[in-house]
Ligand SMILES: Nc1ncnc2c1ncn2[C@@H]1O[C@H](COP(=O)(O)O)[C@@H](OP(=O)(O)O)[C@H]1O
Ligand SMILES: [Mg+2]
Ligand SMILES: [Mg+2]
Ligand SMILES: [Mg+2]
């Protein structure tokens, strides 16, 4: 099967990173710092980026990586670096059998170099990985939803997408039951989920909701990340009566891809913000392999080949193939009134 090795490595790397994130969440010591753009980053974001890039470099040494974080804060603060290094060692040592495939990290200097190897500028030629070590950092901090997201792109097309969601229920019909799910998709091979605790993956697909009236609408928790006011007008126009589900991270893509919701809307709140490729690459493939469609707010495909951002696109709309055009039409109608 095409990309079997890449999928295996991506799943093992994401699984190891999920253990690290869960350890940080359980310790209640997030050690959050604020980046230049005022967004938060935690020791878990750094640790996950280090472990995942080290795995990629061990297995596919030539592949470039577009990763969200850099190591500047760790290089200038010894205590922060030591904390992340200890988390990375614990995550590596607590795995069973992973090291044979994805290797390990031997020094804290190697850890810093791995984080900084995520500095690729992107582009539309050849292979590259897009990595969001913790997507939904704000959700992670408040013990809500977050996701560890890794995608392989070839000539700017996503061919492998893996998303680990430690706080998502394995069975959506039993929200109080076991949590921790890993989603994966390979281009042309379908979309799957399995419990983080299990080796058995099952296929997932969109719900067969035929009409927007019966649809469930997903959006960000953060009102600064998408335009809640405009989105509620669109929901009204589509006769959606169920309350919208607000959730941090690419767990939204995962939820709709397994029929737990139906429509993900992310309309821009500012004219200047450019969506980042690592916030959408994995979810994009998961949705299309599960029977759905992702475009920008105008119905154009997302262009992952123009750098670290989706600078040629505005907003994101994801829905089943059946509902997608109806959502595009409603977005057009409402946004042309504004
Ligand atoms: N003004 C803005 N508009 C849209 N997305 C934004 C934004 N500011 C930050 N983000 C992105 O929103 C992501 C979280 O999305 P969501 O709201 O769906 O959970 C963040 O990912 P990180 O948490 O990885 O930084 C960040 O990249
Ligand atoms: Mg961030
Ligand atoms: Mg993100
Ligand atoms: Mg992130």
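Glycine is no exception: its Cβ is also placed from the backbone N, Cα and C atoms.
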Quick check on the annotation: TrEMBL has 68, 132, 134, 135 binding Mg(2+), so which of 279, 296, 301, 329 does it put in that site too? 279
If you count other Cβ atoms within 10 Å of each one's Cβ, which of the binding-site residues 135, 279 has the most? 135
Would you mind ranking the binding-site residues 68, 132 by how many other Cβ atoms sit within 10 Å of each Cβ and giving me the lowest? 68
Taking the Cβ of residue 134 (Mg(2+) binding site) as the centre, how many other Cβ atoms fall within a 10 Å radius? 29
Among 134, 135, 279, which binding-site residues lie by ligand 3, judged by Cβ under 6 Å to any atom? 135, 279
